[in-house]
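Data first, discussion second: the structure below is written as structure tokens.
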There are 2 protein chains.
Amino acid sequence: MSIDRNNEIEVKNEVERQFNILSRGCDEIINENEFKKKLEKSISTNTPLRVKLGIDPTGSELHLGHAVPLRKLKQFQDLGHEVLFLIGTFTGRIGDPTGKSETRKMLSEEQVNENIKTYLDQVKLILDLDKIKVVYNADWLEKLSLSDALNLLSQFTVSQMISREDFSKRLSENKPVSLIEFMYPILQGYDSVELKADVELGATEQKFNLLRGRDLQKNFGQEQQVCMIMPILVGLDGVEKMSKSLGNYIGVKDTPNDMFGKVMSISDELMENYYTMITDVPFEKIEEIKAQIADGSLHPMEAKKQLGAEVVKIYYGEEAAKEARDWFESVFSKRNLDVDLPEVEVPYGEINVIDLLVKEAKLLGGTSEARRLISQGGFKINDEPIKDIKANVNVESGMIIRAGKKKIVKVK
Amino acid sequence: MSIDRNNEIEVKNEVERQFNILSRGCDEIINENEFKKKLEKSISTNTPLRVKLGIDPTGSELHLGHAVPLRKLKQFQDLGHEVLFLIGTFTGRIGDPTGKSETRKMLSEEQVNENIKTYLDQVKLILDLDKIKVVYNADWLEKLSLSDALNLLSQFTVSQMISREDFSKRLSENKPVSLIEFMYPILQGYDSVELKADVELGATEQKFNLLRGRDLQKNFGQEQQVCMIMPILVGLDGVEKMSKSLGNYIGVKDTPNDMFGKVMSISDELMENYYTMITDVPFEKIEEIKAQIADGSLHPMEAKKQLGAEVVKIYYGEEAAKEARDWFESVFSKRNLDVDLPEVEVPYGEINVIDLLVKEAKLLGGTSEARRLISQGGFKINDEPIKDIKANVNVESGMIIRAGKKKIVKVK
């Protein structure tokens, strides 16, 4: 779209348009006024905003929780702004304990390099790598001296650092907080100085660190960055944060059938949140779906299938979305097992049914849930229900395990 | 003295002899066993101990409080050990707030260089500069990188740092503690690694920092240094730490007469402490003096004059000590004012007598003390007592102010 940069009203409208697109799904923008001013300056001078997202090369499998800020970056990119994708090659070796209860291990340089490869390989499913600027903070942080470090340290007080929630929590529980951990938010802030960032994205748990960028930019005489704080995506269980270790995630590299099936496993209550956070469905459309479910003109199951298709569409396109839906309907709705099923690796041999469901196949989150499901006949081996919670089964290759209506896997 | 290094008993005796000399006047040795082992190894292998004392080039006028560890270094030197006199050219720019209630200002490089000159000029009154090794920590700390800094930071926890008394006090009073201040004890500790120090000297308020050297040496695979902790010298008032800002000090560059006069101004109670801490008078002799005072065979005034002479002797020699004593006796005991008096700078003109004594001439520590002295007739201007605490006097050049029997000054 071409804007007449000298026409105040056109500029103002464009600011509003971009602001509405970009603020979608944000928890907080610090602050909105500054953001609008930056957008206005960017539009009226035709200078793209420099939008920073930093990640640690910890080598995790990307899931839709990670995709939330990445998709926000894509919106910036589509609006013509400059995306600075910062890989913490230096800070990643420190490890930030944000939101975790223990000091993280330092990563070796080889690990870091390997992780970056894996990471970008997944990022390109969302962002066009050729259009973004990938930067590595070791490029400038490795050049800093002890004196530089002291200069940075001198700009912050102990009380300020301790105020970060996870630090104060660990200190109050007498758990160790290493001094090196104080450097993480400071160096993250310094990255913003180095990059002259206009905007930095991060999840709510990153808010403290994002604000340190504003502190340092101010002290270094720069315009302060706008902090765009994204909510943390809830996992499939609807309770915990989506994470690989909890198993409640949809990976960006999951197959279309897996993506679709996992979306189908969420509760009806979680649907609206997922529609907002992980799809591009416009707000008005989401409101319409809600209204239709409320007046009974749309079955929740149908709304969820549409959600599943929207998600698959983002990563694999329309055709794949349709195929995944067909697959799901044939397996779950039409009870046809003669299809490709998601595979799990489970040690062969005798195992108690609860252990199989919870510990090995990881289809359920806990023992009590497993007990309930088994007693109600929702647990089946090769389509045969087993209702005895003390029963053992003999796991072998090709065995089909079903837990309830929406989860089915085949032993590899 | 020549020791037969293969004779176990001779070595053991020499260890005891050196230990007794060196432990004199120490508050604490961490720890004594390790110290004896180091002495034994040093004596039996004829390898001098590496003894570190670090100072910040903050350019202060050296007083006898500073002289306490310097004179301890001299004892080490006289016993053949290697004195490493560390000047904190790097750390001095940070400033350590130990024992102070506020973050210190950073010093510029020029200030630091100027201060070193002034400092060494005074140190040579106590130590032979040609025999000691003067080292500057900027020589190695300036070469450290941010990565090195992180490595050091990673070896300490927040709780550990906060446990230092002045930090915890300031934090509990909601006073700011800059993060840079945490680096001070760590870098002081790292200096010990760099110097492979066997012993580090410091005052009690330095204990926390000295122990960090032990931590780091251990982590760097070195034998841990022995920390030799010296008491803080009390000032002439017998209450506060000796310090320039409180005016309760004897400077190493004070004239013999000033030194002597200042010693004479201390309370009888403080005498034993000063005999032990600021002279070389043997313990047995000190005990003898105490006994003689107790049984009335030695007047405390005479014991104090001997103390004054001992102090002057250290810095100016025997002859000067005798002359200072003669001067003091002629001025104070024989009431002869026709001699050189210590001069003070006081603004000329009308001033209340209490303000003159406490705020300007700084002869007394407080208002109530001044009130008492004046009422008792101990305050004299040009040998005329003034007993009215509300009186004003007209200060002019050459005016002689006396406060009690032992303090007399002339207005410059």
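A Cβ is built for glycine as well, from the same backbone N, Cα and C atoms used for every other residue.
Nobody curates TrEMBL annotations by hand; they come from automatic prediction.
What TrEMBL lists as motif ''HIGH' region' is B:57-66. Taken from TrEMBL, the feature motif ''KMSKS' region' applies to B:241-245. Per TrEMBL, the feature ATP binding site maps to B:LYS244. Sequence annotations record features per position, and here TrEMBL assigns domain 'Tyrosine--tRNA ligase SYY-like C-terminal' to B:340-407.
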Per-state residue totals over the domain 'Tyrosine--tRNA ligase SYY-like C-terminal' (B:340-407) - DSSP helix, strand, coil: 17 helix, 20 strand, 31 coil
Helix, strand and coil counts within the motif ''KMSKS' region' (B:241-245) (DSSP): 0 helix, 1 strand, 4 coil
Neighbouring C-beta atoms (10 Å sphere around the C-beta of B:LYS244 (ATP binding site)): 15
Arithmetic mean of per-residue pLDDT over the domain 'Tyrosine--tRNA ligase SYY-like C-terminal' (B:340-407): 85
DSSP-assigned states of the motif ''HIGH' region' (B:57-66) in counts, ordered helix, strand, coil: 3 helix, 1 strand, 6 coil
